[in-house]
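Visitor: First the structure, then my questions, so here it is.
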Amino acid sequence: MVKVGVNGFGRIGRLVTRAAFNSGKVDIVAINDPFIDLNYMVYMFKYDSTHGKFKVDIVAINDPFIDLNYMVYMFKYDSTHGKFKGTVKAENGKLVINGHAITIFQERDPSKIKWGDAGAEYVVESTGVFTTMEKAGAHLKGGAKRVIISAPSRDAPMFVMGVNHEKYDKSLKIVSNASCTTNCLAPLAKVIHDNFGIVEGLMTTVHAITATQKTVDGPSAKLWRDGAGAAQNIIPASTGAAKAVGKVIPELNGKLTGMAFRVPTANVSVVDLTCRLEKPAKYDDIKRVVKQACDGPLKGMLGYTEHQVVSSDFNGDSHSSTFDAGAGIALNDHFVKLVSWYDNEFGYSNRVVDLMVHMASKE
């Protein structure tokens with residue numbers, strides 16, 4: 001079982017840790033976070049307001065901003081995912097989850113984290129800060145063998161499970177798991193393109209609030225309206241998720257682009273893919289091929305539903321993407337709007353774990 005370190009114990013760092021314990025596929029041995037103490041880590045891991053109390057191997061965590069007690073708190077309690085249903089505590093300077101002790105670091109400089117001493121072979125870079133090959137590569141200096149960036153990267157190879165993961169080569173030391181939205185869009189786009197051909201398309205993601213947004217109106221380093229209060233507004237925003245599909249499906253490069261609407265919900269987002277098809281297809285034909293993919297090569301990653309679902313129905317869902325057969329529409333046999341849901345936190349975190357497992361299988 002591959003031994004994993006987590007850098008940054010924020011939303012994705014904690015949920016990757018949860019996903020790791022739930023799946024039993026990887027061993028978390030260390031965590032780094034300079035802003036959270038150990039007891040707070042325990043709390044934050046165990047209680048999650050969205051996903052509930054923790055139910056799950058991780059060997060090290062780094063977060064320079066959280067002391068150990070705070071780590072305990074943040075892991076235990078989560079406003080989105082609910083209280084952690086296992087045991088989590090701080091003991092002898094370590095974070096102990098279900099009896100499994102995890103080494104804690106609080107380094108701001110990733111090159112100073114002694115991942116090797118903790119036994120961490122793979123590092124999940126989940127701070128959102130060290131997203132380039134050069135910056136993420138600092139983890140290798142501390143003894144890590146490979147780094148998985150849990151965000152899009154300007155220059156690291158990007159992989160989406162079920163889409164292009166088979167192209168991973170063990171010579172690669174640093175990779176990106178792309179974004180949650182790319183992980184939702186790419187499997188659906190692949191199925192549609194493989195069966196009917198996508199001439200061109202526009203994507204819109206209606207996206208839940210994330211930690212980068214403001215609780216009340218404040219200054220934004222990007223677009224001014226990005227600084228509007230997240231709970232008060234629907235905010236048009238940019239996203240590179242659709243263009244990134246062209247990196248994982250080269251045949252679609254230059255054929256897709258998109259935007260986002262940030263909406264005041266805590267979790268779960270939805271993709272609207274409006275595209276022109278090369279081959280004619282009835283909407284029932286599209287439903288059929290998507291369902292076949294869900295039951296076949298994309299099982300566990302792409303889901304399918306004909307129920308009258310809403311966003312909260314997907315809270316805690318581990319799929320990358322769930323096609324909503326009843327929500328899509330067709331103007332004609334060549335022009336369609338397709339809808340797919342995703343838990344932008346938990347579904348994505350499960351794919352981070354799956355990517356590490358796949359990489360380890362190539363060692």
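For all residues, glycine too, the Cβ spot is worked out from N, Cα and C.
According to Swiss-Prot, the feature region 'Interaction with WARS' maps to 1-176. According to Swiss-Prot, the deamidated asparagine annotation covers Asn7, Asn177, Asn253 (among others), on the basis of similarity to another entry. Look at Swiss-Prot and you will find Arg11, Ile12, Asp33, Arg108, Ser150, Asn344 tagged as NAD(+) binding site, backed by similarity to another entry. Taken from Swiss-Prot, the feature N6-acetyllysine applies to Lys89, Lys247, Lys282 (among others). Residues or ranges marked as N6,N6-dimethyllysine by Swiss-Prot: Lys94, Lys255 (among others). The D-glyceraldehyde 3-phosphate binding site annotation in Swiss-Prot covers Ser179, Cys180, Thr181, Thr210, Thr239, Gly240, Arg262. Here Swiss-Prot flags Cys180 as ADP-ribosylcysteine, drawing on similarity to another entry. Annotation source Swiss-Prot lists S-(2-succinyl)cysteine at Cys180 (among others), citing similarity to another entry. As annotated by Swiss-Prot, active site, nucleophile applies to Cys180, with the evidence given as sequence analysis. As annotated by Swiss-Prot, site 'Activates thiol group during catalysis' applies to His207, with the evidence given as similarity to another entry. Sequence annotations record features per position, and here Swiss-Prot assigns SUMO2 cross-link to Lys214. Residues annotated as phosphothreonine in Swiss-Prot, with similarity to another entry given as evidence: Thr265 (among others). Annotation source Swiss-Prot lists phosphoserine at Ser361 (among others), citing similarity to another entry.
For each feature listed, report its degree of burial, its nearest neighbours and the pertinent distances within the displayed model.
Guide: In the predicted model, the region 'Interaction with WARS' (1-176) has a mean pLDDT of 91.
DSSP assigns Asn7 (deamidated asparagine) to a strand.
Ser150 (NAD(+) binding site): 29 other CB atoms within 10 A of its CB, across all protein chains.
Lys89 (N6-acetyllysine): 16 other CB atoms within 10 A of its CB, across all protein chains.
The C-beta environment of Lys94 (N6,N6-dimethyllysine), restricted to residues of the same chain at least 6 apart in sequence and closer than 8 Å, consists of Leu38, Leu68, Ala101, Ile102, Thr103, Ile104.
Sequence-distant neighbours of Asn177 (deamidated asparagine) (same chain, 6+ apart, CB under 8 A from its CB) are Ile148, Ile149, Ser150, Ala151, Met158, Phe159, Val160, Asn183, Tyr348, Arg351, Val352, Leu355. In the three-state DSSP assignment, the secondary structure recorded for Asn177 (deamidated asparagine) is coil.
A sphere of 10 angstroms centred on the C-beta of Thr210 (D-glyceraldehyde 3-phosphate binding site) encloses 16 other C-beta atoms.
There are 29 other CB atoms within 10 A of the CB of Cys180 (D-glyceraldehyde 3-phosphate binding site), with all protein chains counted.
Long-range C-beta contacts of His207 (site 'Activates thiol group during catalysis'), restricted to its own chain and to partners at least six residues apart, with a cutoff below 8 Å, comprise Thr181, Ala237, Thr239, Ala260, Phe261, Arg262, Val263, Ser269, Asn344.
All protein chains shown were included, and the count of other CB atoms within 10 Å of the CB of Lys214 (SUMO2 cross-link) stands at 18. Reduced to three states, the DSSP call for Lys214 (SUMO2 cross-link) is strand.
For Lys247 (N6-acetyllysine), the count of additional Cβ atoms within 10 Å of its Cβ stands at 21 [all protein chains shown]. In the three-state DSSP scheme, Lys247 (N6-acetyllysine) is classed as helix.
For Asn253 (deamidated asparagine), the same-chain residues lying six or more positions away in sequence with a CB closer than 8 A to its CB are Gly246, Lys247.
In three-state terms derived from DSSP, Lys255 (N6,N6-dimethyllysine) belongs to neither a helical nor a strand segment and is classed as coil.
Within the same chain, residues at least six positions away from Thr265 (phosphothreonine) with a Cβ under 8 Å of its Cβ are Ala208, Ile209, Ser311.
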Visitor: What's the longest C-alpha separation between any two of Ser179, Cys180, Thr181, Thr210, Thr239, Gly240, Arg262, the listed D-glyceraldehyde 3-phosphate-binding residues, in angstrom?
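Guide: Comparing all Cα pairs, the maximum is 16 Å.
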Visitor: Taking Cα atoms as reference points, rank the binding-site residues Arg11, Arg108, Cys180, Gly240 by distance from Ser361 (phosphoserine) and give the first.
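Guide: That would be Cys180, the closest of Arg11, Arg108, Cys180, Gly240 to Ser361 (phosphoserine).
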Visitor: What Cα-Cα separation, expressed in whole Å, is found between Ser179 (D-glyceraldehyde 3-phosphate binding site) and Asn7 (deamidated asparagine)?
Guide: 17
Visitor: Cα-Cα separation of Lys214 (SUMO2 cross-link) and Arg11 (NAD(+) binding site), in Å?
Guide: 16
